[in-house]
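S.K.: My questions all concern the structure below.
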Amino acid sequence: MDMEEKPKYGEPKKFDPDFKGPIHNRGCTDIICCIFFIVAIVGYVAVGILAWTHGDPRKVIYPTDSLGQYCGQGKLEKKPLLFYFNMMKCASPMVLLEFQCPTPQVCVEKCPDRTLTLVTAIAKPEDWKYYKSYCREDPGNKPMTEILQKKLCPAYLISSKPFLQRCFPSLGKKGEVITVGDQDKFNDGEKIRDAKDLVAGMKNATVVMEGRQVAMKIFEDYTKSWYWILICLLIAVVLSLIFIVLLRYLAGIMVWVMILMVIAVVACGIAYSSIKYVNLKDTAGSNITLQQLGFQPDFSVYLHIRQTWLAFIIILAILEVIIIIILIFLRNRIRIAVELMKEASRAVGYVMSSLFYPIFTFFLLTIVIAYWGITAVFLSTSSEPVYKVFNETDCPHGRQTCEPENFTISAMKTDCPRSECLFAFYGGETPYHKYLIFFQFYNVFLFFWCANFVTALGQMTLAGAFASYYWAPNKPNDMPAYPLCASLGRSLRYHTGSLAFGSLILAIVQIIRVLLEYIDHKLKGAENKFAKFLLCCLKCCFWCLEKFIKFINRNAYIMVAIYGKNFCRSARDAFFLLMRNVIRVVVLDKVTDFILFLGKLLIVGLVGIFAFFFFSGQTDAFKDAAPSLHYYWVPILTVLVGSYLIAHGFFSVYAMCVDTLFLCFLEDLERNDGSPERPFLMSENLRNVLRKKNQAN
């Protein structure tokens with residue numbers, strides 16, 4: 001059987017008396033990919049410069065008038081609000097399609113605080129002076145018919161209030177009757193209308209801004225709670241450091257205590273959910289189903305429904321059972337994993353600077369994410385204003401593009417006297433705008449490539465540092481003075497091409513997954529069952545492929561860090577080495593990963609429980625200190641995600657250390673036999689667990 005496996009998964013490593021850890025005399029690897037990566041980065045910078053030259057983020061921040069000018073900016077700095085001439089025109093379905101009401105819009109200093117018509121305003125000089133501040137241009141002494149025909153001024157003003165930098169009628173209620181400015185009727189310059197006629201226009205005008213309203217509330221919540229969020233994240237950092245320090249000295253006890261605490265935390269969640277479920281039994285309205293309730297932007301509504309807490313009970317109970325079953329079946333293997341983690345703890349103890357390396361990785365990732373985000377915003381706002389014909393009646397020129405400067409003397413205006421040339425959206429027909437979608441795709445692809453490159457650099461750097469620990473016969477005397485810096489230097493100097501190669505493969509798979517998600521989003525309303533099934537299969541396959549490539553890349557980087565070979569050869573050697581020891585891989589490596597995951601779960605659970613009771617105000621001790629928020633789930637989710645990222649950052653050092661030592665351990669078993677000439681380099685505890693020993697000289 002052994003003779004059959006050797007050619008299939010390669011020959012086991014031979015003893016090399018000159019091998020003493022990561023090779024120092026090495027050459028550059030995957031040079032072609034390195035050059036390709038540098039060219040891609042230069043192109044990425046060029047795309048960023050193009051985007052920053054043409055883009056203008058003000059297009060998504062400030063409202064624009066009928067001429068495409070930004071309210072509150074430039075010469076309109078003192079006019080930050082947008083005023084609609086005729087709000088009822090916003091009831092048109094085209095508002096939802098083109099995000100623009102078919103009525104003139106002007107930037108104003110403040111919203112009107114009185115209700116007037118053009119007819120009544122002209123008759124009184126004081127009212128007329130006030131009224132002209134809402135005109136597109138000074139009407140001078142033009143007759144009223146010409147003012148209305150050219151739409152220089154609105155036919156009427158309605159008492160309004162600012163909302164999302166726009167003026168909306170001040171609607172109220174007297175009993176069941178809708179009112180505007182305390183009146184149930186108003187004059188639109190032509191006839192007397194009911195105030196309820198404004199509702200449809202306001203509804204359509206606000207639909208296109210509801211997402212922005214929620215975003216503003218979330219932003220406001222962040223401004224009120226950011227320092228408490230930082231305190232919670234600082235608690236996560238302290239817990240992670242305490243956990244790592246304790247794990248170094250009390251690995252065995254900490255692992256079992258951690259397992260019991262995770263079980264206890266989940267059990268507490270089940271108990272608390274059960275208490276809430278029972279207490280809501282006699283509460284009015286608590287027995288409706290989640291399906292009947294539907295989606296609610298205020299998530300606190302769901303906490304008053306019994307079915308929500310029942311779902312929590314079921315989910316937590318299933319999680320508890322799964323954890324217990326896994327622990328029962330793996331209880332005999334946990335002892336081996338503990339010894340491997342103790343060895344990793346000793347390695348981290350000799351390379352303490354490795355604990356802070358995730359901060360460097362996080363800093364680089366922040367730069368990559370910030371560059372991608374800023375470039376994406378500038379690309380999406382680098383279009384030019386497009387004007388279209390809007391009309392109140394059917395017209396053959398409706399929705400055609402136009403030029404506002406020459407529209408009044410154009411044939412379109414002659415054919416449709418009541419039409420207007422208004423700003424519609426941002427677009428463009430220049431070569432730059434034609435290739436804009438390509439630039440957006442390039443921005444996303446390079447984001448994945450650069451982010452994967454930064455992650456790969458961290459993995460290879462840590463692998464080189466921990467491999468120098470394992471293969472040192474006399475620790476720490478035979479280790480480099482600064483193993484982490486030495487490993488980082490080797491990775492950047494010799495293996496930038498290998499890092500770029502592995503991250504490129506992963507980026508290609510990730511961009512394919514993004515495209516599949518986009519296609520899936522577009523086909524949501526389709527009735528083709530086969531297409532949906534095929535798409536689902538493709539998404540599943542590429543998800544598995546991404547996980548497999550990440551696993552191969554991780555181990556390939558370890559082999560590159562040790563031997564200095566190119567990416568493909570290192571990936572092959574790592575894969576064959578793991579396949580020759582597949583049972584050990586499944587049992588030791590994955591059990592260790594599970595234990596580290598439980599550690600993350602424990603830290604996130606503890607910090608998350610504290611954040612929930614603090615921000616929700618359900619505990620008397622925190623009611624006075626907790627800030628008043630629109631959505632208290634915003635800081636809670638932020639704390640949960642942040643705590644997980646922090647715990648993941650610290651534990652990723654341990655995970656990389658364990659993976660590196662595991663590969664070194666497997667090679668140690670193949671290279672050496674415990675004889676005086678070929679002694680094992682693993683620790684005595686690991687040799688005892690595996691029933692191996694070094695023979696005395």
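Note: Cβ is positioned from N, Cα and C throughout, glycine not excepted.
What TrEMBL says about a protein is an automatic prediction, not a curated fact.
Not my notes, these are from TrEMBL:
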- 29-52: transmembrane segment (TRANSMEM)
- 226-247: transmembrane segment (TRANSMEM)
- 253-272: transmembrane segment (TRANSMEM)
- 309-330: transmembrane segment (TRANSMEM)
- 350-374: transmembrane segment (TRANSMEM)
- 444-472: transmembrane segment (TRANSMEM)
- 594-616: transmembrane segment (TRANSMEM)
- 636-666: transmembrane segment (TRANSMEM)
S.K.: Against which stretches of its own chain does the transmembrane segment (636-666) lie, if we need a Cβ under 8 Å and a gap of at least six residues from its ends?
M.R.: 222, 229, 232-233, 236-237, 239-241, 243-244, 247, 340-341, 343-344, 347-348, 354-355, 357-359, 361-362, 458-459, 462-463, 466-467, 470-471, 554-555, 558-559, 561-562, 574, 577-578, 580-581, 584-585, 588-589, 592-593, 596, 599-600, 603-604, 607-608, 611-612, 615-616, 681-682, 686
S.K.: Can you tell me which recorded stretch out of 226-247, 253-272, 309-330, 350-374 has the most Cβ pairs within less than 8 Å of the transmembrane segment (29-52)?
M.R.: 350-374
S.K.: Could you give the residue numbers and ranges of same-chain residues that sit at least 6 residues beyond the transmembrane segment (226-247) on either side and whose C-beta is under 8 angstroms from one of its C-beta atoms?
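M.R.: The answer is 254-255, 258, 341, 345, 348, 355, 599, 602-604, 606-607, 610-611, 614-615, 626-627, 635, 638-639, 642-643, 646-647, 649-651, 654.
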S.K.: Same chain, outside the transmembrane segment (350-374) by at least 6, Cβ under 8 Å from its Cβ: which residues?
M.R.: 48, 52, 241, 244, 443-444, 446-447, 450-451, 454-455, 457-458, 461-462, 465-466, 469, 475-476, 479, 482-484, 649-650, 652-653, 657
